[in-house]
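> Next up is a structure, given as structure tokens.
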Amino acid sequence: MAEPLTVSPELTANYAYFFDLDGTLAEIKPHPDQVVVPHKILQLLDRLAAHNAGALALISGRSMTELDALAKPFRFPLAGVHGAERRDINGKTHIVRLPEAVVREVEALLRSTLVALPGTELESKGMAFALHYRQAPEHEAALLALAQHVTQHWPQLALQLGKCVVEIKPKGTNKGEAIAAFMQEAPFAGRIPVFVGDDLTDEAGFGVVNHAGGISVKVGVGATQAAWRLESVPDVWRWLEQINYPQQEQQVMNNRRDGYESFSRSI
């Protein structure tokens, strides 16, 4: 059972930070295009990266192109599409590709099927596909059955469940493998990994971080193998503030003991 996260890592410690985006750094919206990461949060991430030799990466189901757009004007190491594409600290990209015929056939099948499922949405990511049903939860079972059919017919693909989404991605790619790859490279190598995420897609990352003796943090409710928990996206934002400004947080704790309003509720 994950414990509430009440102690922030010391800014001077030897950590490598990994953050999911949707539901972790940004509030989930009805449509992915509506999601925004507040500029202040991006500044905190950039500051945290600077204090850790650049050892901070975004790990997401989104494409790297989307992640860069959401992180502007900052540029971080990234793992997109659950690790199917990755960019290291030097800007070198590592991309898992599928045969063009497979991508074409799968996309055609998905598009033709979703026509009969109003309210659902297909997001094509090149080497992966996301079947969204946030606006049509009654079609969850149908999308799951469709994804299972696809992964059975094309064994190089695997199914990944998420919040109001069923994803089809290259087999063997997940956020845990992406984090493990970063941890083999400078500036991440030799550091203690910290991973913050909110979804089923983040569980593989929690497993890798736990095995490495790091800090795994689940955002929100639900069963998890993460060791720690933050209740909401605003709690993640406050936690980032605490990490970046530990002296300010100490003053907050002193004020709390003196009976003043606390900076934030216990997280």
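Glycine residues also receive a Cβ, built from the backbone N, Cα and C atoms like all the rest.
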> Look at the Mg(2+) binding annotation in Swiss-Prot, where ASP20, ASP22 are given, and name the residue from ASP198, ASP235 listed for that site too.
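For the Mg(2+) site that includes ASP20, ASP22, Swiss-Prot also lists ASP198.
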> Which residues of the same chain, at least 6 positions away in sequence, have a Cβ lying under 8 Å from the Cβ of LEU21 (substrate binding site)?
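Spatial neighbours, sequence-distant, of LEU21 (substrate binding site): VAL35, VAL37, LEU58, SER60, ARG62, LEU67, LEU70.
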> Centre the Cβ atoms of ASP20, LEU21, ASP22, go out 8 Å, and tell me which other residues of that chain have a Cβ in range of the substrate site.
PHE19, GLY23, THR24, LEU25, ALA26, LEU58, SER60, GLY61, ARG62, GLY197, ASP198, ASP199
> Here are the binding-site residues: ASP22, ASP198. Which has the lowest count of other Cβ atoms within 10 Å?
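Across ASP22, ASP198, these binding-site residues, the one with fewest Cβ atoms within 10 Å is ASP22.
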> In whole Å, how far does the CA atom of ASP198 (Mg(2+) binding site) lie from that of ASP20 (active site, nucleophile)?
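Counting only the Cα atoms, the answer is 7 Å.
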